[in-house]
Amino acid sequence: MSTPAAGNDAGLADPLLANGAGTGRGGAGSKDKKKYWVPADEEEILAAEESGGEDGRPLLYRTFKVKGILLHPFRLINLARLIVIIQFFVWRMRHRDTDSVVLWWVTVFGDFWFGVSWLLNQASKLNPIRRVPNLALLNQRFDPPGNGSSQLPAVDVFINTVDPVDEPVLCTMNSVLSILATDYPVGRHATYFSDDGGSLVHYEALLETARFAAVWAPFCRKHRVEPRAPESYFAAKAEDAGPYAGDAPAQFVDDRRHVRREYEEFKARLAALFTVIPQRSEAHGPDSAKGATPTFMADGTHWPGTWFEPAANHNKGQHAAIVEVVLNHPGDEPQLGAPASSENPMDLSAVDVRLPMLVYIAREKQPGYDHQKKAGAMNVQLRVSALLSNAPFVINFDGDHYINNSAAFRAAMCFMLDPRHGEDTAFVQFPQRFDDVDPTDRYSNHNRVFFDATSLGLNGIQGPSYVGTGCMFRRAALYGADPPRWLPPDGSVSKQLSSSDNDPCHHFGNSMPFINSIPLATHHERPVSPPPASPLDAELAAVATCAYEDGTGWGDGVGWVYNIATEDVVTGFRIHRKGWRSMYCATEPDAFRGTAPINLTERLYQILRWSGGSLDMFFSRNSPLLAGRRLHPLQRVAYANMTAYPISAAFIFFYDLLPLMWLSGSEFYIQKPFATYAAYMFAGIAMMEVSGMVEITWAGITLLDWCRNEQFFMVGATGVYPAAVLHSLLRLVGLKGLPFKLTAKPQSSGAAAARERFAEVYEVQWAPLLVPTVVVIAVNVAAVGAALGRAAAGGWSLPQLAATAGGMLFNAWVLLLLYPFALGIMGRWSKRPYLLFVLLVVTLAAIASAYVALLPVFAPRFVSPFWLGFWSRVGSSIFPTSWRI
């Protein structure tokens, strides 16, 4: 079976394909990125070439750093801004002249926190590093063509899903198909599909997927098509496919047409499952013993998982464990297909038609147990896979993500097997990329500032954080082992795991087959053999039960961490705290792609879950402030920033409501002399913006990406982050906190739904989470309108008008940052953004007119002696005494 070639010598232009050929995507962007990066490992490469590679192994990735012409100014600008911030606070403490002491102290604390947050954020970006895998050397060393069996290590792939409606089953099965057809030795990777809802729809869809994969995977291998998720492949435009890369160009068109017909039939069978299964169950009739209609499998037996009509022991929170091997281990010997015939139009006589191992898992659910959501499901996958394939490496996907670059597994192996830091690398994180995001990325779903700037900065320290999907792990690190560089000279990872303080059952549970598998998982060269049959069935069910983890280290020191919404970040932190490294790998084309929550409300709920979980981590015993000496100091700073950032919301929300002053006051100064205060603020903001421009230049992101990041941070800070702070406060006092809902994914995708592709952007789902941001927008619009009305009524002098104009710049800045949110709540009217500006002008004119009309009526009341006396006695200590109407 053919494999893709490696990247070119520079390594930054389409690094996974020779000379950038074969994709037709990403070429121009790669050249732009390349010109700002230079090799940082030339001496290592030369030494390795002279010695034939360290330890007899080649160096499997190249390291690049930002050119000094960009990096040095970036560092100097940040240093200069730090000096300005320090001088600013010294000046403020020496000049406490203000119209309100209380508000002055609030702004001092707010500005101090903003400065600390900025410093924490920038500290991790001072040494950005880009690492590019060299697939040619990897293949040459571990998987040379025509050399029989591969020596690449085995990989277990985890896919997680819950609901076939909220996470469309077609999308999930496309993820499975992309894995079954990926370019990795067939006998060296196995897929474990975790269905946390225990639905028969998912199980039978997996059976249908296995049947269609017998056509799809050989087609992908024969013609080397990309991507290998059929929905994305058939929806792609012809010009995006690039030049043909297979071995049979004359047969490609006919083969593609045949596979396309098979795929349409496959989709129809998947859609029919929602009708066929209930009809089949109704035909069998109700179960008199249970008083409900059971859900029947195709062989006429009861489905042990969730029934369509819930009953005792058959609903989402209560059902038995299910482990079913859908596709058995294929063995290591290639199996060539049959030549073309009337029954089989495709000629597969030169193609390996084997399919990788595929396993369905639905863990046991019982009332009274905290099943720990996604983290609990992945820990069950970790144990079940150890008993079946026990690969030394695992990679996890969400149900909506698919492999977009079939060489992605090989790319990760370049970092895991490299002789420099490979043995100390716990995981390789790929960036998250998404389909079905509107062209302007209104809600910053791509989050490119984090993935293309912050992650490269972390790459230069101890490594990027784990972000939940598209991440390859070393199984030993998930088991809680120490990295080799922190072990004693006579120690090994295998020996440490097998001892586990002389009581492995205390850490890993009572399954002796599982405990015996642990030391074997550290041996990369171990061949993958077919698992034993029936004697293991009872053990598989046992490790998938609720009670298996009671009294063990699962969810704490072993596996994915429990009792936190962001199990991904805290799991990665636990591994880093042990002393492990991680690597960041961005490929072209993208390694993996998924679907994003493009509805505003769903996006805000997603951010609430992330920010609430981050604060939970900051205030827990997993806080980065409590980590030991194995965590790099700057890595600690980065984790502190990633977990404490929602605290900024309290000050940002306060600043956003300051325009209320324009509604009732004529003169107000938080800090005097105002001109000096404004100069400091302008200098600090200007240097921050210049630093941002340099950052997006070396990161290779666009100005629109950067603006969207700034805008959606403000959207989160006005509505979501305050809710996250409330959630953490409730948790700190022993209450449950706010509930986090599963993010629903777009229901329409592919060419057939092209006209409705971005329909969900224009849907409005009102929720309490939207209210604070609506209030902020209303306050700022009302403040501007009132200021315009007062100016029109002649209520201000010329100096006051100048001061007001400066204040209104702040109002305009807030409204500009909240522009995506305003579009979101307009619904389908947002298809014409100019209507928002028309509405704004009309609203401002109405408020100004109302202010002018009502001022003569209400002005005498507000300036009466009673109100003046009351204001003087009660409000002068809190609010500025110069406020008047």
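Heads up, the Cβ atoms here are built off N, Cα and C, so glycines get one too.
Per TrEMBL, active site is recorded for D196 (among others). Within the same chain, residues at least six positions away from D196 (active site) with a Cβ under 8 Å of its Cβ are N160, T161, V162, A362, R363, H371, K373, K374, A377.
Here the Cβ of D568 (active site) has 24 other Cβ atoms within 10 Å, regardless of which shown protein chain they belong to. As annotated by TrEMBL, active site applies to D568 (among others).
Positions annotated as UDP-alpha-D-glucose binding site by TrEMBL: E167, D196, K373.
The Mn(2+) binding site feature in TrEMBL is assigned to K374, D398.
The region 'Disordered' annotation in TrEMBL covers 1-33.
Only residues 6 or more beyond the boundaries of the transmembrane segment (69-90), in the same chain, are considered here, and those with a CB under 8 A from a CB of the stretch are 36, 108, 111-112, 115, 118-119, 122, 125-126, 128, 680, 683-684, 687-688, 690-691, 694-695, 697-698. Per TrEMBL, transmembrane segment is recorded for 69-90 (among others).
Long-range contacts of the transmembrane segment (102-121) within its own chain (CB-CB distance under 8 A, at least 6 residues past either end) are made by residues 81-82, 85, 88-89, 92-93, 96, 454, 637-638, 640-641, 644-645, 647-648, 651, 654-655, 670-671, 688, 877-880. According to TrEMBL, the feature transmembrane segment maps to 102-121 (among others).
Per TrEMBL, the feature transmembrane segment maps to 637-657 (among others).
Annotated transmembrane segment per TrEMBL: 677-700 (among others), in sequence order.
According to TrEMBL, the feature transmembrane segment maps to 712-730 (among others). Here the transmembrane segment (712-730) has Cβ contacts under 8 Å with residues 443-444, 604, 607-608, 611-612, 614-616, 618-619, 645-650, 652-653, 656, 736-738, 769-773, 776, 814, 817-818, 820-821 of the same chain, all six or more residues outside its ends.
Annotation comment: TrEMBL describes 766-789 (among others) as transmembrane segment. Residues 600-601, 604-605, 608, 653, 656-657, 659-663, 715, 718-720, 722-723, 804, 807-808, 811-812, 814-815, 818, 821-822, 825, 840, 843-852, 855 of the same chain lie 6 or more positions beyond the ends of the transmembrane segment (766-789) yet place their CB under 8 Å from a CB of it.
Among the features that TrEMBL reports, transmembrane segment is placed at 801-822 (among others).
The transmembrane segment annotation in TrEMBL covers 834-858 (among others).
Its Cβ placed at the centre, K373 (UDP-alpha-D-glucose binding site) has 17 other Cβ atoms within 10 Å. A distance of 12 Å separates the Cα atom of D568 (active site) from that of D398 (Mn(2+) binding site). Cβ contacts within 10 Å of D398 (Mn(2+) binding site), excluding its own Cβ and spanning all protein chains shown: 22. In this view, E167 (UDP-alpha-D-glucose binding site) is surrounded by 22 other Cβ atoms within 10 Å of its Cβ, with every protein chain counted. Over all protein chains present, the Cβ of K374 (Mn(2+) binding site) has 22 other Cβ atoms lying within 10 Å. Looking at D398 (Mn(2+) binding site) and E167 (UDP-alpha-D-glucose binding site), their Cα atoms lie 10 Å from each other.
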